[in-house]
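One structure is given here, and the rest of the page talks about it.
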Amino acid sequence: MTDYEVATAFLGEWGHFQQQVFFLLCLTVIPNGFNGMFIVFVADTPPHRCVIPANVNLTAAWRNHSIPLELDRNSGALVPSKCSRYRLGDVLSLSGRGFLPGVDVNMSKVPTESCLDGWEYDQSVYISTIITEWDLVCDDRWKNPLTSSIFFCGVLTGSFVSGQLSDRYGRKIVLFVTMAVQTVFTFIMVFAPSWPVFCALFFIVGMGQISNYVAAFVLGSEILSPKVRTIYSTAGVSLFFAAGYMFLPLLAYFLRDWRMLLLGLTLPGFLYVPLWWFIPESPRWLLSRGRVEEAEAIVRDAAKKNKIQPPPSSLVLCSVCYSEGSAAPQKELQCETSKALNICDLLRSPNIRWISLTLWLVWNTLTIAYFSLSLNTANLHGNAYFNCFVSALVEIPAYTLSWVMFRWWSRRLSLSSTLFMGGVFLLLVQLMPSNLVYLSITLEMMGKCAVTTAFTIVYAYTAELYPTVLRNTALGACSMASRIGSIIAPYFIYLRSYSVSLPYILMGSITVASGLLSLLLPESYGMPLPDTISHMQHFPVMGPCKQRE
């Protein structure tokens, strides 16, 4: 089988067609940057305390001492309780009798009760969040991390469904359908009347979010030439994702009501409708489905845009499918394209099985570390908006570094080294003294930078390891397997309520272990994209003979 890239080399590397595909597909990734992270502000928990009804006849002294003090696990200082108050009936009695709190009365002897009249929230940072609107605190605080986990359950479902749909019905149609799903359901969330409805809609947004990203990633990887593909799959889509991520705290700073924030984030999605007429389908995918004429039409249109005279079709695309003197490979291609391959084929033979299992573990670790660190920005010392912006900003050098490493260095060593270093930085965070807050934040951001670099590399690395007939399904499956990590990532942050160091110890340990595990993956640097399963690189512990068994 003649290589597709050789057959279409006459188009050049960076003509008008490639530039159009590159930038338009990158633009479709921008909403993923803020749709996946707006929960940082929408579900942040501001300082709160029990409400003492205004109509209760208390003296000023007793009203100021109606909330018991408790030890804060993070700062070690005594702070007003968030979930209890002194029993209101007893306080009324003591106030009416003229006793003074702490002088005439030992406050440790006064019984307490829960916040029977609700909570009052500090509005210095947020006008409202879903936490303040539906009182997701104290006994209901478990709903906060569950909200993010439900979103990632949607991402899991989208990863499972969209990859196979994309390989069966096309990259382009799935890209635009999932963009529409993401935009429309985010808009409907603005009118959510309750927390369960909000979560149900957020689940669907998660389905569209990952499906959109994976479809755009694969579509660009299959259309663009090898050198441009490397830039696109590392720095390209990732920098535009970071642009969306950086846009989030800027908009959230001015729109501090959660409904208005979601409305502001929804509007850009409607601007993507005209791109349908400018983004083509993947000629590689069309060829894998036997739709040679449609693929040829796209390549000829590309040649026209690049002002190049294409060779005859028999030398351009028909040669990709019917190479002279290569009957056996052609028979193999027909065998693989005549049937609809699915996720089960990722485990069918020993070689692809071991590659898949290793990648699933690595992806799982990366999602735990990346999303835990991203969701943790609201808990860091200082301004939540600035911390989120810095968290997004550190991704810029991470994506640039990923492109440099992917362009000139071994794929396997690039992934392993960045994973390992990310884990080391996270393990160092918990060793910092409590008074060196900014040093701890710096180490956390360096860990985020390393993990982001690894995350970018593993996307492009995975796309290179799998063949055309399974590439989108494989990326979707890796993303799907990794969602176990993203689903539990919010609960890593929840562990802060028991120990501030525990999340960093767990994240650092598994990230270092995954860095070592990734050394088992085959090398793909300088190799052409495989088109069939038998063209895949061998897992190092397996020789070619075992692969054929």
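The backbone N, Cα and C atoms fix where each Cβ goes, glycine too.
Summarising the annotation, TrEMBL assigns domain 'Major facilitator superfamily (MFS) profile' to 90-526.
Feature annotation from TrEMBL assigns domain 'Ig-like' to 311-402.
If you look up TrEMBL, you'll see 20-43 (among others) marked as transmembrane segment.
Panel annotation: around the transmembrane segment (173-192), residues 28, 31, 35, 158, 162, 165-166, 198, 201-202, 204-205, 207-209, 211-212, 215-216, 219, 259, 262-263, 265-266, 269-270, 272, 275-276, 279 of the same chain, lying at least six beyond its termini, place a Cβ under 8 Å from a Cβ of the stretch. Sequence annotations record features per position, and here TrEMBL assigns transmembrane segment to 173-192 (among others).
Here TrEMBL flags 198-219 (among others) as transmembrane segment. Sequence-distant contacts of the transmembrane segment (198-219), counting only residues of its own chain at least 6 positions beyond either end whose CB sits under 8 Å from a CB of the stretch, comprise 25, 28-29, 31-32, 35-36, 39, 130, 146-147, 150-159, 161-163, 166, 171-172, 174-175, 178-183, 185-186, 188-189, 192, 233, 237, 241, 279, 281-282, 459, 463, 471-472, 475-476, 479.
Annotation source TrEMBL lists transmembrane segment at 231-254 (among others).
According to TrEMBL, the feature transmembrane segment maps to 260-279 (among others).
Per TrEMBL, transmembrane segment is recorded for 354-372 (among others).
Listed as Cβ neighbours of the transmembrane segment (384-406) (distance under 8 Å, sequence separation of 6 or more from its ends, same chain) are residues 33, 37, 40-41, 44, 125, 230-231, 233-235, 238-239, 241-242, 245-246, 248-250, 252-253, 373-374, 377-378, 414, 418, 441, 445-446, 448-450, 452-453, 456-457, 460-461. Taken from TrEMBL, the feature transmembrane segment covers 384-406 (among others).
Residues annotated as transmembrane segment in TrEMBL: 413-432 (among others).
According to TrEMBL, the transmembrane segment annotation covers 473-495 (among others). Within the same chain, residues 144-149, 152-153, 155-156, 159-160, 162-164, 166-167, 210, 214, 217-218, 341-343, 345-346, 356, 359-360, 363-368, 371-372, 375-376, 379, 458-459, 462-463, 465-466, 502-503, 506-507 sit at least 6 positions outside the transmembrane segment (473-495) and bring their C-beta atoms closer than 8 Å to a C-beta of that stretch.
Through the fold, the transmembrane segment (501-521) approaches residues 354-355, 358-359, 361-362, 365-366, 368-369, 372-373, 376, 411-412, 415-430, 444, 447, 451, 454, 461, 465, 492-493, 495, 539-541 of its own chain, all at least 6 residues removed from its boundaries and within a Cβ separation under 8 Å. The annotation transmembrane segment is assigned in TrEMBL to 501-521 (among others).
Across the domain 'Ig-like' (311-402), the model assigns an average pLDDT of 69.
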